[in-house]
Amino acid sequence: MIAKIKDFTLGTNFTNAIKAALSAVIPVFIFTYLGDLQTGLIIALGALFTFPSDTPSNLKHKINGILVTVLILASCNLLINLTYPYPFIFYPVFASLVFILSMLAVYGQRATMVAFSALMTISISFSHTHTGWEILRHTGLFLGGGLFYLLVSLIFYYINPHRYTELQIVECIKLTAKYLKLRGDLWELNSDRKEITRKQLHLQVELNEIHEKIREILVRNRTNYGSSHQNRKMLLSFITLVEIMELAISTSFDHNKLHQKFDEHPKVLMTYQSLAYNLSKNLKSLSKKIRKRKSYTPKNNLVENLYAFENAITEYEKTLGKTEASEGVLMLTNMLHYAEKQVEKIKTLERAYTSNVKLKDLKGRDKDLENLITPDYYPLNTLVENFSFSSLEFRHSLRITTTLLIGFIIGKVLPFENVYWILLTIVVIMRPGYGLTKERTANRFIGTLIGGILGFAVLATGPNTTILGCLTILFLILGLTFNPSNYKIGTTFITLHVIFIFAILNPTDNNIVLYRVLDTLVGATLAILANHFLWPFWESLNTNENIKNSIEANRNYLKQISILYNSKEGVNAKYRLARNQAFIEIGNLMASFQRMLQEPKSKQDKLQQVYKFTVVNNALLSAAASLGTYTQSHKTTEASASFNIVFDRIIKNLDCAILLLKNENKPAETDVLVDDIFNNSFIELKKIREKELMQGTDIESEEFKLKMQEAQLVIEQLVWLTNLSENIIKTTKVLLKPQPQIETNPLKTFFGSNNPEA
């Protein structure tokens, strides 16, 4: 229990909550001591509403971002108070402010959080409007609260400048370990491989997101502040983690075939599964030690595990004899090579935290990383281009503006105690997508109800002000800690925090719990109805675009692999960018599918086909990455005519699918390359390559054996890529066909079919 509490307090969310709580509590304590609690509360609100915009970044962006946020919040507060007495001015200003602020989301995550803080400020402004010089005083105090939060945030930053990035890397290691464990689960004889694949796809989405966060911080820190030991250590760790993940994705095995092949020799697969699990265990152990800042000792000796697997292969070969075991040994050797590479990378990761990291350790692996991050650029035309109903942000901005206006009018017309709580509920619940809004609505209401019941129970005991004050601070910290990870629990604690504040300020008001529940119910109802009926943006509207982007990214990646295989010049910036974009787009496609799952059944247009497309496209990326990884790590032979013919066919198939998705005419069948090579079986294809390799080569030499190994791996991947690219065309045609009925349980239907496995 103590260990869990300690682990909880080491997290980023808890640290951020402490930071926000201190920036709010200190002014309240100081001004309460001076006999002016109201001033302290205004400063505290300024600090708390600035807090959401403090997103992870380098120091320069952190300071600039918070300063801009503080100015925007103060301006919003000023405008609302100035115009409120004049309805004919107030309503247009209110609507314009909400709409413009919501549209800032087109500029990314930081801008979205700034907009969120500003909308919260607008909502809370109605708790107590001001007139005359009091407006300037109130705005100045609000501004001071934001600046005080900046001061507290900077103190935390200088005390521990690398902690956030370190914890993000810890989370990345933990998720990577979980992914590798799932790969180990695939070796169970009766494992549910479809369900495991689904979990792997979900993890890839999470890992893509966390990779982007870490890359953004590490690369910008290096660009602005140079290469310190700590930066080098984290950069080496991050690059290695990305390589571990890419190697895992790019290396897949036919588990059914392998189980059939080694059915009478289970020991060899059990030995490999043990090795696979130990890869995961070592990473998990490392993540725990880094989080707790304790010295790390590997949990398992991976080198010994490799030797054990090698011995199992040798024993298998001796049992069957060289000739009969040759095919099985080749399969097992490929598995061994994969494991050796992963062990090497995990050892590199372990060394990063057990010894000093020098510049030479990166060995150019950090080359071109700057090209993989999005530059900070906020052109006006980006905003203008999104002023259309095809834009998710435009629809959301119209929706939330209309909903807040309706909520404000309802609060004014009907006898609600505080209109601002209705507005706050709408702001914190409403999201661009229906699924997330629905989920947050349920969690918000349940959390408010539980918090209200608990708050009423505590107040019924008649606690004194000191106890209520301590509980208020505690629940603020817990609420801010849980909000990002568990909104229901976070809302429960925030509700308790608010109830106890009101109990301190108005000890005779016994209806506060009822008011909060009613206000929340009205705000939540408005939010969910608006997302369903006011310019909704269903995920199916964007499906074709997401699929097209993913196919284009895979096609561009394949083109770079072809160039690499033909030129033998090594990896360049174009290759890295194409590979990175392919992984990002497949992550976007998976995330889109997950959002679609949360939408009403009637809006889940062709969900079965979308999921199949996601799996097939991921399999294509896996096969492409496998070929790219092999080309990088081996000295390959000159690209043959057959290689280029097949590769051109694969790319042409993807081009065909892209044209179909763009509603452009498919190329005439006569334009599609047809070659005898596609009428041959895998064995005949292999013979074509063998003839090319045997010309002028001693078949007994080691060089010939390596060439044959290359031939088998490359041809296997080419055949697989060809099948997948043709499958993509077929799935695209099905996707574009009108569908009269929506499948009510598409996942069950799809998992029961013979789909290709990633």
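Cβ from N, Cα, C; glycine included.
Features reported for this protein in TrEMBL:
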{"type": "TRANSMEM", "residues": "20-51", "note": "transmembrane segment"}
{"type": "TRANSMEM", "residues": "63-82", "note": "transmembrane segment"}
{"type": "DOMAIN", "residues": "66-337", "note": "domain 'Integral membrane protein YccS N-terminal'"}
{"type": "TRANSMEM", "residues": "88-107", "note": "transmembrane segment"}
{"type": "TRANSMEM", "residues": "114-133", "note": "transmembrane segment"}
{"type": "TRANSMEM", "residues": "139-159", "note": "transmembrane segment"}
{"type": "TRANSMEM", "residues": "397-414", "note": "transmembrane segment"}
{"type": "DOMAIN", "residues": "407-529", "note": "domain 'Integral membrane bound transporter'"}
{"type": "TRANSMEM", "residues": "449-481", "note": "transmembrane segment"}
{"type": "TRANSMEM", "residues": "487-505", "note": "transmembrane segment"}
{"type": "TRANSMEM", "residues": "517-538", "note": "transmembrane segment"}
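Secondary structure by DSSP for the domain 'Integral membrane bound transporter' (407-529): 100 helix, 0 strand, 23 coil. Beyond the ends of the transmembrane segment (20-51), by six or more residues, the same chain brings 66, 69-70, 73-74, 117, 120-121, 124, 138, 141-146, 148-150, 152-153, 473, 476-477, 480 to within a C-beta distance below 8 angstroms of the stretch. Listed stretches 63-82, 88-107, 139-159, 449-481, 517-538 were compared with the transmembrane segment (397-414); the greatest number of C-beta pairs under 8 angstroms is found for 517-538.
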